[in-house]
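Enquirer: Quick paste of what TrEMBL says about this protein:
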COMPBIAS  1-12  compositional bias 'Low complexity'
COMPBIAS  13-23  compositional bias 'Basic and acidic residues'
COMPBIAS  60-70  compositional bias 'Basic and acidic residues'
DOMAIN    103-529  domain 'Major facilitator superfamily (MFS) profile'
REGION    1-71  region 'Disordered'
TRANSMEM  101-126  transmembrane segment
TRANSMEM  138-157  transmembrane segment
TRANSMEM  169-191  transmembrane segment
TRANSMEM  197-216  transmembrane segment
TRANSMEM  228-250  transmembrane segment
TRANSMEM  262-286  transmembrane segment
TRANSMEM  332-354  transmembrane segment
TRANSMEM  374-394  transmembrane segment
TRANSMEM  415-434  transmembrane segment
TRANSMEM  440-464  transmembrane segment
TRANSMEM  471-493  transmembrane segment
TRANSMEM  505-525  transmembrane segment
Amino acid sequence: MTRSRSASVTDSDSTRRTTRMETDSDALTARGEDGVVGPAKVDVEKGAGDGDGDVQGQETSKDHSERDADGVAVEDGVPLVKLTGPDDPLSPLNMSSIRKWTIVTIVTSGAFCVTSCSSMIPFTYPAVEREFGVGSEVATLGLSLFVLGLGFFPLVLGPLSEFYGRSPVYFAGFGVFLAFNFGCAFAPNIATLLICRFFAGAAGSAFLSVAGGTIADIFRPHEVGAPMGVYTAGPFLGPVSGPLISGFISQNTSWRWVWYTLIIWAGVEFVLICTLVPETYLPALLKRRAKKLRKAGRTDVRAPIEIDDRSMLQVIGTSCTRPFQILATEPMALVLCTWTAILLGILYLFFSAFNIVFGPEGYGFSMQIVGLTYIPLGLGVTAASFSHPIWARYYRRRTEELGHRPPPEEHLRKGLYGVVLCPLSLFWFAFTTYTSVHWIVPLIATFPFGVGMLLSFQSVFLYLVDAFRPVAASAMAANSAMRSSFAAAFPLFTLQMFHALGTQYSLMLTAFLCLAMVPFPFLFFKNGHKYRKGSKFANTE
């Protein structure tokens, strides 16, 4: 999930789970009824796992009689702490609906804050260039370095929640994110600003790397679809909303007030996270219970997470290397990651392109009005996110028709619409950016791009999680790293490209990049099951 990250449903047989945990050490962080980490098996759209939920419940009931009042059961000679039963208040699944949706709201707004921060800097470029005496390329590094930190640091920071839980990662990550935004606000020179931007992105990535997991922790498989749909909209609306916010601030105040505003916003989010978002990772909660029991005299009791013999370095090493192994050996994953990387690169290219099209060089809009031109793009993203229940119902219907879980390629269906919408909207945008054409026409063109972009992202994320289920976390990390690389690179050559080729030809080039990707989703939708049979990492179901 994000990103889009999903919950996992694990088998309740302890030995089987431990074996799978060791062999698939980079599987999506998840929890079963007994709080044991296991590989990803859930589907965000369907809101259910692989159909083993009932079996799990039966096995849990069967095992319940073997547990004492503290939830301790002896397995392989080791007294393990588990839930006392399905109604155990320790389980995050048993939180009230109000509390669950409060957590969803705070986590989504936090993700929105972090991703908005990435795109709030472009409108500060002119003032930064004047104050620090640098060129546009150096100023643009403030955007590129943030996105690089946002994309690559989850490879290192993501696995930390497996050892320490969600809360420490939240508190430390968002706290450091807030601190480095202070550094940006009071930077005395360009070097300080750029360094703080990089580490602000890195710290923000810690929050994003576990946010989806929190939502998966607190909702049952059949409930997770709607809240996950709400959450996934946040990280994509953030980059579109950043320019809208900073445009008004930059025109009417100092460029530093962009960061002062962000500090206030992030500070409020930090307080909400610290006070209203509890620990939701069940293995970490069971570890706390085990510690309490040991203090009470049951010194031999252990939590399942405490008998995991993997070292942190081993997990981080796998997290850092396997994504690139997947890109190097899995053509389908490489192509799909390239598809989403191009789309995100174009989105970040827009942060400079819109100022050229609608600013003084184009339609002559002021800085704050240029910020408003991102609204149709954001509305497109919002409209696509609202379509989530429709796709979820369709997926459930397909499951009922087939009598079993549809193949992973079914997730690419929504991407078939997205991959067509994106180049069409870009050609429309390119051919209508002449100042003789009313400004509303190119603006409307960005709406279908927002729709197509989110549909494409969602389809690829779901496909990677389902098709590469044994190594789902690594597949998503590969996608994140590649997307961030493109998003960091595209803004660096935007001004030069637009000045050399002109606005229309530059935008047509982006349209042709998207057009080149059109055949692949259709090809994988039809033949993906054949390609997976020869894959080293993908499941062959």
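The backbone N, Cα and C atoms fix where each Cβ goes, and this holds for glycine too.
Distances, neighbours, how buried they are, the whole picture for these features please.
Expert: The list of residues near the transmembrane segment (101-126) in space but at least 6 beyond its ends in sequence, with Cβ under 8 angstroms from a Cβ of it, reads 95, 136, 139-140, 142-143, 146-147, 150, 174, 177, 181, 197, 200-201, 204, 207-208, 211, 214-215, 218, 227, 230-231, 233-243, 245-247, 249-251, 255, 258, 262, 265-266, 269, 272-273, 276-278, 280, 348, 351-352, 355, 367, 370-371, 491.
Packing against the transmembrane segment (169-191) from elsewhere in the chain are residues 110, 114, 117, 128, 132, 134, 138-139, 157, 160-161, 197, 199-200, 203-207, 209-210, 256, 259-260, 262-263, 266-267, 269-270, 273-274, 277: each is 6 or more residues past its ends and has a CB under 8 Å from a CB in it.
Tertiary proximity for the transmembrane segment (228-250) is limited to same-chain residues at least six positions away from its ends with a CB under 8 Å from its CB atoms, namely 1-4, 6, 44, 104, 107-109, 111-124, 127, 208, 211-212, 215-216, 219, 257-258, 261, 347-348, 351, 354, 367-372, 374-375, 377-378, 381-382, 385, 388-389, 392, 450, 453-454, 457-458, 461.
Note on the transmembrane segment (374-394): residues 45-47, 225-226, 229-230, 232-233, 236-237, 240-241, 243-244, 350, 354, 414, 443-444, 446-455, 458 of its chain, located 6 or more positions outside it, place their CB under 8 angstroms from a CB of the stretch.
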Enquirer: Counting only residues 6 or more past its boundaries, what in the same chain has a CB within less than 8 Å of a CB in the transmembrane segment (505-525)?
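Expert: Distant contacts of the transmembrane segment (505-525): 332, 335-336, 338-339, 342-343, 346, 349, 353, 409, 412-413, 415-416, 419-420, 422-423, 426-427, 429-430, 433, 459, 463, 494, 497-498, 531.
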Enquirer: Would you kindly check 138-157, 197-216, 332-354, 415-434, 440-464 and say which stretch has the most C-beta pairs under 8 angstroms to the transmembrane segment (262-286)?
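Expert: Per the Cβ count, the answer is 197-216.
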Enquirer: Which sequence-distant residues neighbour the transmembrane segment (138-157)? Criterion: at least 6 residues beyond either end, Cβ under 8 Å.
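Expert: Non-local partners: 114-115, 117-119, 121-122, 124-125, 128-129, 169, 173, 190, 193-194, 197-206, 208-209, 316, 319-320, 323, 348, 351-352, 477, 480-481, 483-485, 487-489, 491-492, 494-495.
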Enquirer: Quickly jot the same-chain residues contacting the transmembrane segment (197-216) by Cβ under 8 Å, restricted to those at least six beyond its ends, or write none.
Expert: 1-8, 28-30, 42, 103-104, 107-108, 110-111, 114-115, 117-118, 121, 141-143, 145-154, 157-158, 160-161, 166, 169-170, 172-177, 179-181, 183-184, 224, 227-228, 231-232, 235, 277, 280-281
Enquirer: Is the transmembrane segment (440-464) packed against any residues at least 6 beyond its ends, judged by a Cβ distance under 8 Å, and which are they?
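Expert: Non-local partners: 1-4, 43-45, 232-233, 236, 240, 333, 336-337, 339-340, 343, 347, 350, 357, 373-374, 376-385, 387-388, 408-409, 411-415, 417-422, 424-426, 428-429, 432-433, 472, 475-476, 479, 521, 524, 528.
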